Amino acid sequence: MKFIVIKIGGSTLSDMHPSIINNIKHLRSNNIYPIIVHGGGPFINEALSNQQIEPHFVNGLRVTDKATMTITKHTLIADVNTALVAQFNQHQCSAIGLCGLDAQLFEIKRFDQQYGYVGVPTTLNIDSLSYLCTKFVPIINSIGFNNHDGEFYNINADTLAYFIAASLEAPIYVLSNIAGVLINDVVIPQLPLADINQYIEHGDIYGGMIPKVLDAKNAIENGCPKVIIASGNKPNIIEAIYNNDFVGTTILKSLV
């Protein structure tokens, strides 16, 4: 089976170009199995604001206490995931919404105590995911369940998407409101792994882009052939990436 992981950022979800679903339908008609992973940062922030809770980030990652976790879980599973599945189904693209708990899709562990209820994936149930791909487009939110302590955890959606791509040895398209990796305000078309650390050290890659590229580096070192970071608001962006039309930034082991 040939998979493509497509990570849709929270910013793109509110302004997702309708061609994304059509492009995904086209992939399936060509026996390519797309797997959607989504975040929901803006929606989580809005839900927290409604409860007078201020979001807090460390090194680009959301700090998640118990109250924040409860709101995050409800927002991602009941609101964002459900709405996205409905959107796909309305376009005659049969989709199924999933979190880590469903079909024991993936297992997690706590990331770091300072981040609270933030987890990282440790194993992926490839058999279950492969079977679901033959019937539906899986739409996976970034909520996981820890079988050891019986708690739900928030996972950085990029981290989860990269982990799935590495586990399946599949390419990943990371779609957000960012056109690619910017160096001196210019999108670079290709970023080899060897250049990532120096760009971070020099401050050219900073903020929320740091975990994105480090997770991409880790994914490629563990089996993912390439990572493409591109804008999800452009028409037919998935088709353009698939056809190697040089959109966004392609992160790869070395320059071709």
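Here the Cβ of each residue, glycine as well, is placed from N, Cα and C on the backbone.
Quantities reported herein were computed from a predicted structural model and do not represent experimental measurements.
The 10 Å shell around the Cβ of LYS7 (site 'Transition state stabilizer') contains 29 further Cβ atoms across the protein chains shown. As annotated by Swiss-Prot, site 'Transition state stabilizer' applies to LYS7 (among others).
Annotation comment: Swiss-Prot describes GLY40, GLY41, ARG62, ASN154 as substrate binding site, evidence class sequence analysis. Cβ neighbour count for GLY41 (substrate binding site): 20 (other Cβ atoms within 10 Å of its Cβ, all protein chains included).
If you take the C-beta of LYS212 (site 'Transition state stabilizer') and look for same-chain residues 6 or more apart in sequence within under 8 angstroms, you find ASP158, VAL174, ILE229. The site 'Transition state stabilizer' feature in Swiss-Prot is assigned to LYS212 (among others).
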Just how spread out is the substrate site if you go by the largest Cα to Cα distance in Å among GLY40, GLY41, ARG62, ASN154?
12
DSSP-derived class (H/G/I helix, E/B strand, else coil) of ARG62 (substrate binding site):
strand
All-chain count of other Cβ atoms within 10 Å of ARG62 (substrate binding site):
21
What is the total of other Cβ atoms whose distance to the Cβ of GLY40 (substrate binding site) is within 10 Å?
28
So, three-state DSSP: helix, strand or coil for LYS7 (site 'Transition state stabilizer')?
strand
Proximal but sequence-remote residues of the same chain as ASN154 (substrate binding site) (Cβ under 8 Å, at least 6 apart):
ARG62, THR64, THR68, MET69, THR72, LYS73, TYR117, VAL118, GLY119, SER142, ILE143
